[in-house]
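Chemist: Quick paste of what Swiss-Prot says about this protein:
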{"type": "BINDING", "residues": "10, 11, 12, 13, 14, 15, 122, 177, 366", "note": "FAD binding site"}
{"type": "BINDING", "residues": "269-283", "note": "NAD(+) binding site"}
């Protein structure tokens, strides 16, 4: 059997990005999936992006990944969430046509060099000298490889639950990977159990659309990918409805029949995507919960009722749906269900997503305790890239918290672990002013170019974009007004004798290049996309300068090593609780210490000061 550099197990969002990244990095890569026709399937909601998640999609695209381009090709309703808030927390989101999305992913994979797609099931891993050396396939037998990326999603020992019905499955209609789960346990890998759920799918033809308020797409859709010049798909509208007292009563009367509340499910579900049963139990005082009716495609009769995830029996699902306005005569195409699956405690991984106890085995996606397409895809990208570099004898790639949301997520997972499905939010990033969705390519594409995974087309597009931005910034910085001149143009500035540039003025509230172009007509030459970038950059300039200093200080302190001989008890002012935790965990650096639960900036300062003082005293006595 042929030897591959990297074998990727699983064809979901993590697996596709992992295989694509590995192949682009020059590794001979095999992607193993149960069904090639299912590659890129959106198992749950038909949408990409959102708050925090949209940042991840842009970062994947900055590395020349798949997700952004596929979402642009399939997007049928683009919306920028948090539009009225600051640029740092705005979240690009696109509802996608499921079939078009799959087709876009498969097309990109099939034309990628160094990549072969294999339809089979991995039933075992080959371990030699305590390292991964390949996999065993159900049909084709032994497949040697230098590294393996495991992206099992909900398939690892997956079980579907609908009421009191339970059966093994990775998702509806597809088998789970039970033997692989057993094998991982045999290697002493710490596995846990999580669950997620999905709502019933409804027939579009049986919904009373005329009585429901509509949600429109943005008038000017903004693509995810730098390579997308224009969104080609027609933009559709969604409808909004709500549950009501009658709905809630039916759920309460049948709550004991829900798989979630009957004791059949052990794993915790995603906190920020609760089932309708959870909503009624935990937020029973509300008179209704909003439901978004989202078409799954332009030529598809299927509607996804976002907000109605459930594991109630089919008869109860029918009853509760018929109490909701617009759904009185609805037909269910597929029942909602919960799915429970195994995951690996991510604290067992390095920050390259390699398993410490089994070198050569990389994990990405829901197997690491995350939830969401975007989180999975971002992990797949990093794992696939590092797997390829490991086999090629190259340095590992680590992405820091101050560089990207990908770095924030990986650091959270590896340092803190998970007890419930992890979802990305902008609030998780300390340096979110710097980690905006609009500057993902500026942050990451030069790195991707150094790694050799960026196409010639993308690099040219990136350079042209940066050139336009540099020229626009320079123009704004060359145009000045005195306070008196500013007042003459109706601009409110301090009369302090300081001349201010157009760039400086853009930091003022309600200021724009459009307004300043009445003073300086040459600003009209800046194209609309570049205008937005310059305005955001200027608006945040003062804060970004301070944040850059904070990042440098953090990086300097993070690199400070904690000696193994450190006498924690001698550090005055440190709580006994933290002393105990430090002794137990034995952090090797300040970067490790700051992840300890309960650690504060003040406590870190005490540790840093103590270590530096000890070093000075040692140097004097030497």
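Glycine is treated like the rest: Cβ placed from N, Cα and C.
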Chemist: Of 10, 14, 366, which is closest to residue 281 (NAD(+) binding site) if I measure between C-alpha atoms? They're all binding-site residues.
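Modeler: With Cα distances computed to residue 281 (NAD(+) binding site), the winner among 10, 14, 366 is 366.
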Chemist: What's the most sparsely packed of the binding-site residues 14, 122, 273, counting other C-beta atoms within 10 A?
Modeler: 273
Chemist: Fewest neighbouring Cβ atoms within 10 Å: which of the binding-site residues 271, 279?
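Modeler: Minimum Cβ neighbour count within 10 Å, taken over the binding-site residues 271, 279, occurs at 271.
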Chemist: Calculate the distance in Å between the alpha carbons (Cα) of residue 366 (FAD binding site) and residue 271 (NAD(+) binding site), and round it to a whole number.
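Modeler: So the alpha carbons of residue 366 (FAD binding site) and residue 271 (NAD(+) binding site) sit roughly 15 Å from each other.
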Chemist: Mind checking which of 10, 269 has the fewest other CB atoms within 10 A of its CB? They're the binding-site residues.
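Modeler: Counting other Cβ atoms within 10 Å of each of the binding-site residues 10, 269, the minimum falls on 269.
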Chemist: Within 10 Å of the Cβ of residue 283 (NAD(+) binding site), how many other Cβ atoms can be counted across all chains shown?
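Modeler: Excluding its own Cβ, the number within 10 Å is 11.
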Chemist: Under DSSP, is residue 122 (FAD binding site) helix, strand or coil?
Modeler: strand
Chemist: Test of understanding: give the count of other CB atoms lying within 10 angstroms of the CB of residue 366 (FAD binding site).
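Modeler: Taking every protein chain into account, the count is 31.
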Chemist: For residue 275 (NAD(+) binding site), just give me the three-state DSSP call.
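Modeler: For residue 275 (NAD(+) binding site) - judged by DSSP and reduced to three states - the answer is coil.
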Chemist: Which of the binding-site residues listed here (269, 271, 273, 277, 279, 283) have a Cα atom within 10 Å of the Cα of residue 12 (FAD binding site)?
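Modeler: Cα filter at 10 Å returns nothing.
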Chemist: Which of the three DSSP-derived classes (helix, strand, coil) applies to residue 12 (FAD binding site)?
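Modeler: Note: residue 12 (FAD binding site) is coil by DSSP, not helix or strand.
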